[in-house]
Structures are given as C-alpha cells and as structure tokens.
Amino acid sequence: MPVRSKEMLMDLWMSLLLVWITCVSSASMTPIIGQSRSTQTGGPAAVASGLGEGQRLLSRAKRGWVWNQMFVLEEFSGRDPILVGRLHTDLDVGNKNIKYVLSGEGAGTIFAINELTGDIHAMKRLDREEKAEYTLKAQVVDADNNEPLEPPSEFIIKVQDINDNPPQFIEGPYHASVPEMSAVGTPVTRVTATDADDPVYGNSAKLVYSILDGQPYFSVDPNTATIKIALHGMDREMREEYLVVIQAKDMGGHMGGLSGTTTVTVTLTDINDNPPKFSKSLYEFVIPEDRTVGEVGGRVKANDRDIGENAKSTYNIIEGDDQGSFEIITDTQTQEGILRLKKPLDYENKRTFTLKVEATNIRAEPSPSGGPFKDTATVKITVEDTDEPPVFSKPMYLLEVKENAPINTVIGTVTARDPDASGSLVRYFIDRHTDLERQFNINVDDGKITLAKALDRETDTWHNITVTATEVRNHSQISRANVAIRVMDINDNAPEFADEYDAVLCENGKPGQVVQIVSAVDKDDPIQGHYFDYRLVPEMLNNPNFTIKNNQDNTISILAKHDTFRRQKQKLYYLPIIVTDNGNPPMSSTNTLTIRVCGCSKEGIVGSCNAEASVLPIGLSMGALIAILACIILLLVIVVLFVTLRRHKNEPLIIKDDEDVRENIIRYDDEGGGEEDTEAFDIATLQNPDGINGYLPRKDIKPDLQFMPRAGHFFHQQNKVS
C-alpha cells in the first residue's frame with residue numbers, strides 16, 4: 001500500500017510539471033508570433049508601392065516566424081503523442097496553399113509535424129540521459145509544387161529532465177581499514193555516488209549521504225561522504241570487522257527522492273596494545289644429567305592477543321642461573337621459549353635450579369593502559385641422576401719422550417674418575433686403532449703410559465693415541481681422551497754433505513780459484529740450531545793442491561793452490577773432509593769430494609774433461625773428428641756395396657763350366673699351340689741344364705717315345721765337350 005501511494009504521488013507530480021511547462025511555452029511564443037505577422041504585413045508591401053515602373057526592388061527577405069527553444073518532458077508515458085510546440089508563419093493567411101516541412105535529428109521518427117497547422121509532436125518516449133537535445137530545421141513550402149517559400153530555419157528541442165535515475169556507487173562495495181583504538185573523528189574512508197540526472201536543472205542530482213547500518217561505531221558526513229570513527233576505544237581483540245551501509249539520496253534528501261546504497265567493510269588493524277602473558281606462572285622440568293650441551297630441556301610460552309610482529313616476544317633468564325648452565329631462545333614458528341643446556345649438568349654437584357624467565361614484546365609501544373609489555377614466570381629444573389661414564393682430568397694430554405729412550409720408559413700418566421656417587425673403579429686401555437705398531441703400553445690400573453718400542457724423531461716427531469677409561473662395574477660406560485706424544489731430539493745423527501757435488505777444476509785457472517762451495521745437513525734438530533765445523537783429514541793437512549776456506553755461514557769454499565793442473569798428468573783428485581756438528585756429544589762424518597780436471601775456455605766455460613782431448617790437432621774438436629770418421633765409414637760402405645753389385649751383374653744366369661758347350665737341335669713338323677700352349681714343354685726342365693743326357697723332355701710325349709725317331713722327322717745332336 002505505501003508503494004502504491006508513492007507511485008500515485010509521482011504521477012501527480014509529473015502531470016503538474018508537464019502542465020506548467022506547456023503553459024510557459026505557449027505564453028512565451030504568442031507575442032513573438034504576433035510581432036512577426038505585423039512586421040511581414042507592413043514591410044515589403046509598403047516599400048513595393050513607392051517604386052517607379054521599370055525599377056527593381058533589391059532587399060533581403062525576412063522570415064515569417066521567430067521562436068525560442070522548445071522543451072519536451074522526458075519519460076512521458078501518455079497514450080497520445082505529446083505536443084512539443086507549434087510553428088506559424090505570416091504567409092499562412094488562410095487563402096494560401098502552404099505546408100510545413102520538418103527535417104533534422106529525429107524528424108519523422110521521434111518528432112512529427114502537422115503540415116497544415118505546424119504542430120510538432122513527440123512520437124516516442126524520450127530519455128534525457130540518452131540524448132539531451134535535438135537540432136531540427138523547419139521550412140514553409142508550396143503545397144502544390146513543394147517549392148520553398150522561405151529559407152529553412154533551425155531550432156532546438158531540449159529534453160527536460162525528471163528525477164528518474166537513482167544514485168549509484170560505481171566503485172562499491174568498499175573495503176577500508178583503520179587502526180584499533182583510534183580517536184573519535186578519525187577518517188576511515190570516503191565513498192562516492194553518481195546520479196545520471198541533470199545536475200543543473202532542479203535537485204534531481206543533488207545527493208545527501210546517510211548511514212543506515214554501522215552505528216554507533218561510525219558516522220558519515222552528509223555532503224562529503226567521509227566515514228569517520230564515532231565510538232571511542234574500538235578494540236580489535238574484541239571485534240575486528242564491521243559492515244557499514246551508506247545511503248545516497250537525491251532531491252537533496254527530501255521526500256520523493258531516489259536513493260542508492262553501498263556497503264563498506266571496515267577492518268580494525270592491530271596495534272601493540274597487549275603484553276605477553278605466560279599460560280602458567282610455574283613450569284617444572286626434569287633433565288637427566290647426561291644430556292649433552294645444546295639439547296632442549298623444556299619449553300615455555302607467553303601468549304599475546306596481538307597478531308603479526310606485535311605478538312612476537314623474546315625470552316630471557318633474569319634470575320637463578322649464576323653458573324650460566326642454561327640459555328633460552330625463541331622459536332620463530334611457535335613463539336615458544338626453548339630452554340637449552342649451555343653447560344653439562346652434574347647431579348652430584350647441583351640437583352635443582354630455580355630460574356626466573358621473562359617474556360618481552362619485540363615492538364614495545366606505549367600501551368593505552370600504561371602497563372609494561374612483559375611478563376615473568378618461574379621455571380624449576382630437577383637434575384636426574386644417571387650412570388655417567390668416567391671423566392678424564394683433561395680432555396687432551398700432551399706428553400714428551402726422548403728418542404732412543406729405553407723400553408718401558410714411563411712417558412706420562414692419564415687419570416679418570418667415576419663422577420657417580422657410587423664411585424666405580426676405572427680401567428685404562430689404548431685404542432690400538434690409533435697405535436697400530438704397538439709402540440706404547442698403558443697400565444690398566446693407574447693409567448701410566450710406557451714405551452714399548454724405541455722411537456726415532458727423524459722418522460716420526462709426533463704420535464697421537466687414544467686412551468679409553470672404562471668402569472669396572474659397568475663396561476658400557478666408556479670415556480676417551482686424546483694423548484699427543486712428542487718425540488724429543490737427541491744428537492744421534494752426524495752431518496753430511498748436502499749434495500753429491502760434481503766439482504770441476506779448469507786447467508787454465510789461477511791459484512786461489514774457487515773449485516766448489518760445500519754445505520752440510522744434519523737430520524737432528526737442536527734447539528740452538530746447527531753449526532758445522534769443516535776440516536781436512538789429518539793426512540791431507542799439507543795437501544799441495546787444495547785448501548778450504550770457512551765462509552762463516554755453515555759453508556766452505558774449496559780453493560786451488562796452483563795453476564799447473566793437467567789432465568794428462570792427473571784428471572781426478574779426491575779430497576776427504578771431516579764435518580762435525582755442535583751437538584752433545586758432537587757427531588762427525590768424513591765426506592770425500594771428487595774434483596775433475598777439465599779444459600775450459602778463456603771465459604771459464606768447461607769444454608772437455610777427457611785426457612785424450614789434449615793430443616787432438618789444434619783447431620779440431622772431438623765433435624769434428626767424429627763427423628770426419630762418420631764420413632769415412634759412409635764412403636767405405638758405399639764402395640763395398642758398389643763392388644758387390646758389379647760382381648753380381650757379370651755372373652751368368654745359368655752357372656756351368658765355360659768349357660762345357662752343348663747344342664741340342666730338335667725339329668718337329670708339328671704345329672705348336674702358340675703362347676697359350678703351356679702344356680707342350682716343361683719350362684722347369686728347359687731351364688735345367690742337367691737334364692737326362694742333356695735332353696729336355698716334353699710333357700706331351702710319353703717318356704719311352706720322346707727320343708725315338710719318327711717318320712718325317714730327323715734328330716740332330718751335336719755335343720762338344722772339352
């Protein structure tokens with residue numbers, strides 16, 4: 001029933017508006033039309049009567065009508081076409097046969113004109129939002145021949161707006177956010193509605209905003225549509241999301257206006273306004289004493305009603321851990337505090353710990369309530385006794401022994417004890433995987449390590465072994481310790497030459513020339529370093545050929561005493577030298593230096609060291625002589641080959657005595673088979689000069705008939721034997 005009343009009220013309002021527009025249009029056109037008529041009547045006719053004969057009047061023709069813009073109401077839904085306006089000309093005096101013609105936008109389809117009266121009607125329902133105005137042309141023509149009586153005139157028909165479009169929120173629905181606990185009046189967001197009606201004509205497009213749902217939390221400015229906080233202390237932890245309904249109404253919000261609505265989803269964002277809170281005030285954990293360092297002993301958690309970064313906390317031990325046995329870290333996934341061992345626990349030393357743990361927000365912002373962003377809880381830890389393995393007095397032992405020390409020498413002692421209250425006895429063993437050569441032994445009862453084999457520092461300076469300690473009561477409880485044994489050096493190696501020297505002495509050298517610089521090495525490694533003493537053997541102290549010079553850097557120079565060294569006389573010299581170190585006791589060795597006498601160039605470059613080289617012709621070297629000898633041998637080989645070839649060439653192909661001359665003539669009247677006849681004669685037999693009686697048998701004749709005369713043949717044989 002209210003909807004029906006609203007529709008009746010709208011129809012009444014539209015009818016009154018249509019009547020008013022029609023009356024205004026008629027009243028505005030009446031005086032103009034009358035004025036046009038009087039101007040047309042009194043103008044051209046009076047001027048034409050005063051002209052002489054033969055004269056021609058030149059003047060501009062005046063239109064017969066003048067009108068303003070016409071208006072038509074949009075969305076008119078009557079049964080008959082609506083009258084837009086009427087055209088009239090002064091030429092229409094009742095006795096002229098004229099008609100009105102309409103052209104332009106919508107002529108004939110939307111708008112129609114009565115040819116006789118000039119009335120213009122709208123034939124269709126118009127919508128201003130589709131097209132606001134139409135431009136048309138009107139003209140008066142002769143009804144008989146359609147000849148124009150006046151030039152066409154242009155006019156406009158405007159579609160008048162009615163409030164037929166409600167406001168619309170094009171960008172809706174909206175989503176907005178605002179921090180929780182924001183002050184009253186804090187802007188949240190702004191919405192915008194549009195109205196397709198004419199904003200110039202009337203109040204059809206004048207919008208007023210109001211809030212339909214969302215009070216008392218939010219409010220909206222009626223003109224700017226800005227949504228604001230309307231309630232103090234809006235807490236996200238109580239309610240996070242709100243749905244606000246905003247209405248936009250045209251006609252300035254008055255009765256009869258159209259309206260549109262949209263929704264705005266407002267989300268309260270979190271601020272750090274809640275401190276962390278432990279779920280319990282007391283946590284109790286039992287940790288076995290054999291738990292290793294770094295293992296987890298327990299977990300605590302402080303809950304925070306905030307979210308994201310505002311809910312993250314860090315944990316700290318603020319009391320009860322003077323020895324630093326524990327640490328607490330934060331699990332980034334669960335936000336729990338993880339209690340871990342920082343040092344080994346010992347039930348026999350301390351059996352309980354009471355810790356005070358504090359949880360603090362990472363982002364500590366001022367709280368609206370003014371409270372601290374932290375909380376504390378008590379953690380009680382009970383150490384559980386377990387059967388622990390023996391504990392060595394040191395994690396690693398460093399022992400020393402001199403090389404070549406006698407067998408069973410005590411190197412050092414390792415000790416371990418059972419930390420349990422019962423105090424089991426301990427037995428010691430060497431892990432033989434670390435002492436494959438079994439160079440060491442250990443006393444199973446007291447842990448004394450002794451030498452099983454003599455050690456040589458020059459072979460191995462360090463020996464690393466592993467010693468195990470096992471409880472007598474429980475053999476599964478084993479501990480290990482590393483023992484590093486350093487072999488100390490003693491002077492047990494004599495020095496010797498550093499290299500196998502190849503000393504060369506030039507024949508043309510001068511007295512005092514350096515033949516060789518000699519250095520020595522010693523396998524020992526004294527703390528104060530090496531110092532070597534060089535001297536000739538006693539038999540060579542008065543050596544007439546060589547002497548030695550100390551270079552003060554643990555090296556000596558071998559010097560020649562004269563310049564009369566000749567290879568033909570002696571090409572090798574042997575010089576024994578005694579080298580002594582500075583150890584305690586000192587060690588020495590005798591090393592012999594071999595010196596070769598060689599021929600050298602003037603620049604001192606060594607040539608040849610052979611004694612035969614001195615008797616070679618002057619100007620010819622050993623290389624040249626070898627080349628000459630090679631050429632002679634090559635020529636001899638060529639001559640031998642040549643003679644051999646000549647001898648083979650003069651020998652006959654068939655070897656026989658020169659005095660043995662034989663001639664065999666055999667004639668046949670038979671015709672041979674030509675070159676292809678390979679069966680007539682045995683080639684091997686023909687080539688054999690020692691055939692039977694000197695005759696050559698044929699293959700095609702039987703053996704018993706080969707040498708018998710036949711008819712028509714003759715046989716002639718001539719032999720000459722000397």
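Just so it is clear, glycine is given a Cβ too, placed from its N, Cα and C backbone atoms.
Taken straight from TrEMBL:
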- 89-169: domain 'Cadherin' (DOMAIN)
- 170-278: domain 'Cadherin' (DOMAIN)
- 279-392: domain 'Cadherin' (DOMAIN)
- 393-497: domain 'Cadherin' (DOMAIN)
- 497-619: domain 'Cadherin' (DOMAIN)
- 1-26: signal peptide (SIGNAL)
- 618-645: transmembrane segment (TRANSMEM)
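Sequence-distant contacts of the transmembrane segment (618-645) (same chain, six or more residues past either end, CB-CB distance under 8 Å): 608, 610. Mean per-residue pLDDT, taken over the domain 'Cadherin' (393-497), amounts to 90. Counting residue by residue with DSSP, the domain 'Cadherin' (170-278) contains 3 helix, 46 strand, 60 coil.
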